[in-house]
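J.: According to Swiss-Prot, the protein has these features:
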BINDING   ASP19, HIS20, GLY21, LYS22, SER23, THR24, ASN135, LYS136, ILE137, ASP138  GTP binding site
DOMAIN    7-188  domain 'tr-type G'
Amino acid sequence: MKEYKIENIRNFSIIAHIDHGKSTIADRLLESTSTVEEREMREQLLDSMDLERERGITIKAHPVTMTYLYEGEVYQLNLIDTPGHVDFSYEVSRSLSACEGALLIVDAAQGVQAQSLANVYLALERDLEIIPVLNKIDLPAADPVRIAQQIEDYIGLDTTNIIACSAKTGQGIPAILKAIIDLVPPPKAPAETELKALVFDSHYDPYVGIMVYVRIISGELKKGDRITFMAAKGSSFEVLGIGAFLPKATFIEGSLRPGQVGFFIANLKKVKDVKIGDTVTKTKHPAKTPLEGFKEINPVVFAGIYPIDSSDFDTLKDALGRLQLNDSALTIEQESSHSLGFGFRCGFLGLLHLEIIFERIIREFDLDIIATAPSVIYKVVLKNGKVLDIDNPSGYPDPAIIEHVEEPWVHVNIITPQEYLSNIMNLCLDKRGICVKTEMLDQHRLVLAYELPLNEIVSDFNDKLKSVTKGYGSFDYRLGDYRKGSIIKLEVLINEEPIDAFSCLVHRDKAESRGRSICEKLVDVIPQQLFKIPIQAAINKKVIARETIRALSKNVTAKCYGGDITRKRKLWEKQKKGKKRMKEFGKVSIPNTAFIEVLKLD
């Protein structure tokens, strides 16, 4: 790989809300810099998963190195693409830490949206040079003057020289490249000679093993070096090869130098060994201090995943193991359920992360699976002072020994057109939200700041927000603190037998309505038996809702033609005794559709 003067290197990222054209602009930049040959070009080149293309989102960060001749000088432009969704905000923050600048892409028709706002604030915290770009200016609904004013008023960026572009037609792309070179500062010349490299991602390749994506801050990294991860402490690894993204990961000779972005492979066994945000240094001459900002990624949302056919358990285990190779944030623990059999308790960064894993298992491994209702981590403080972290209703202790329960809360920003304000306030009130402030984004739109329990967000908040705002509302959230809450375990009993798959942890105020809706749904989906089946929702053995599935009645007197009524009475009495015995010893078979229908309530 050609060596570049550090002042000719530009590391930048692209910040955009879902569907504002981030991947398409990346495509145009690759075309304009001749990084990709025309015959290899396709839409959303950096989005390698089918799921990313279909949903129009970036799930996994994809770096790429471009070379560009500008005013007689050759520049190396490193685009460190980032996932846009709030679930992956820590990965976004680490990717932004590897950059000196960012393009803020805003749809010229839709304007500023919640997730682009959240990521802009992350970039501002890291003192990045932000270049505002208005995309889709070829749309009839585009209003560049109003949207530019919105960016200036709410984000505080100077939009005097805002770039208007259309990724579809290629208009404005040369202006973006010029702005990257002129406005994004080059990497700072290192003050020390020891190797310091920021890990901003990792990828498992079936042929070469784990590839660690790094941005070199100081020192040099080359094949044969022995390196250590400073946060992991302990193990030393030999670098077996280094490479760059041209745009595909390509092995190179020589070394990775300060300011450059690339990857290395070493004798690493598991993705878990590589932590995003960690600092790589040499084992013999280590850096004195690691780079700032590292933290462990912990799952926020938990759900059980079970195969519909129990014989698929080993296939599901293999599928989750393979997905975990490329996703260190996914946690897996084997568990068993009385009603669903053997499965796994999985931890995710958020609801989108859960949906993506669920969909990939179905698509890539052709498995039929059930996911239990998503849950969060509650802190249960016992009377003896011990604190338990509970993410599964089955682990909830006896209420008699509980002092109190604390639940996680989040800070939420909602952007909405003005006319839907009352709808959103009613929705947030129903979700136990606390309004912090309301601000005007422009003449037509508002920004609402709320505090909400995380449990209310992970169920159906996004769907309901889209519903009450006719699709125009958007939101992002960040984790806040734990607060005391009246959280209780709701049990569902079928024929007086508790069914663990339907149990859930809910707020006391919502327990009755939740219990009633589960009972009503089960009455519709469980087939009738020859005996009466009671369906009950209970809290601490006290029934709060009940429905009954009526028995199938067989006409036992069909063969009696007229005659004495006592003969009929004997047959009815015999039937009654049989049904009583059946109720005591009969088993209710619950179809898989019942589990799926109840989970749809979430």
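Note that Cβ sites are derived from N, Cα and C of the backbone, with glycine treated the same way.
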J.: Around the C-beta of ILE137 (GTP binding site), how many further C-beta atoms are within 10 angstroms, looking at every protein chain?
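T.: I get 21 for this one.
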J.: For the binding-site residues listed here (ASP19, GLY21, SER23, ASN135), which one has the lowest count of neighbouring CB atoms within 10 Å of its own CB?
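T.: Taking ASP19, GLY21, SER23, ASN135 as the binding-site residues, the minimal 10 Å Cβ count falls on ASP19.
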J.: Take every residue in the domain 'tr-type G' (7-188), average their pLDDT values, and give the whole-number result.
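T.: Reported value for the domain 'tr-type G' (7-188) is a mean pLDDT of 80.
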J.: Should SER23 (GTP binding site) be counted as helix, strand, or coil on the basis of DSSP?
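T.: DSSP call for SER23 (GTP binding site): helix.
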